[in-house]
Amino acid sequence: MDINEIKDIKTKELVQKYNFRFSKSLGQNFLIDDSVPRDIVNGADVCEDDLVIEIGPGVGTLTVQLLKRAKRVVAIELDSSLIPILTAELGDNPKFQLIHNDALKVDFNEIIGDEKSVKLVANLPYYVTTPIIVNLLKGGYNFKSLTIMIQKEVAERMNAEPNCKDYGALSILVQYYCNTKIVRKVPPSCFIPRPKVDSIVIRLERLEEPSVKVKNEKLFFEIVRHAFNMRRKTLWNATKNVKLPKELMEKAYEEAGIDPKRRGETLSLAEFGALSDAIDKYMNN
């Protein structure tokens with residue numbers, strides 16, 4: 001199909017045409033500003049060699065722009081009422097594949113197969129943003145990048161530095177696996193229905209190797225989780241659930257050069273890595 005034959009989708013027109021009813025439980029907000037999908041595609045640097053996986057295509061407003069640039073687009077949609085709309089509007093395009101499923105239950109490796117250049121693009125429902133990001137980053141999938149539209153506050157948490165109120169486990173997770181770049185801000189007026197918060201399009205560029213090298217990744221994230229689950233407590237109290245005798249835990253803190261009276265929110269990524277490696281050493285002695 002000639003890309004010139006791919007017509008832009010007018011969200012409001014399709015919503016009226018199909019008498020679509022928005023689902024509050026699914027957190028649906030569809031784009032109506034034509035500049036946003038184009039900026040997302042440009043920000044994701046989509047090109048003709050790319051397989052693009054889109055989560056939450058809605059009525060296909062962003063999907064159409066992806067189809068103009070990508071080799072292939074696989075869209076994952078949970079809402080059964082959107083399946084016939086997407087099929088009717090985009091089903092004839094040989095570059096388009098639609099999967100009716102929950103993105104949290106999808107095996108992305110089955111979709112990716114042998115593809116070498118895979119990018120994920122998504123307008124994520126706010127209520128599942130963090131679980132989806134955790135799954136995508138820790139799942140070991142071969143994504144070059146994730147370009148996602150999310151709540152402004154979540155984007156700020158991803159980019160947060162130590163000693164900041166937004167700094168937490170999500171900051172560590174994202175910065176461990178990715179470099180981040182803000183593509184653009186998106187005000188509520190760009191959607192129907194209008195959300196009550198501002199949104200941001202952010203690109204997560206997957207690093208070839210994690211930003212910090214750790215011996216035991218599972219333990220590393222366990223320590224991070226303990227530190228931020230009890231963020232007002234000292235590291236010493238927060239890591240009491242780690243199964244290591246007191247005297248060995250003291251040695252681990254000393255070896256890592258970290259005062260156990262500090263709070264988790266003061267530690268850099270590198271310091272969490274050093275503490276994790278020191279604890280791992282004594283756990284395996």
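Residue positions begin at 1 at the first shown residue.
Glycine too: its Cβ is placed from the backbone N, Cα and C atoms.
Cross-referencing GLU13, GLU77, GLU89, GLU153 with the S-adenosyl-L-methionine binding residues that Swiss-Prot gives (ASN29, LEU31, GLY56, ASP102, ASN123) picks out GLU77.
Of the listed binding-site residues ASN29, ASN123, the Cβ environment within 10 Å is emptiest of other Cβ atoms at ASN29. Among the residues ASN29, LEU31, GLY56, GLU77, ASP102, ASN123 said to bind S-adenosyl-L-methionine, no two Cα atoms are farther apart than 21 Å. Neighbour list (GLU77 (S-adenosyl-L-methionine binding site), Cβ cut-off 8 Å, at least 6 residues apart, same chain): GLY56, PRO57, GLY58, ILE83, LEU86, LEU98, ILE99, HIS100, ASN101.
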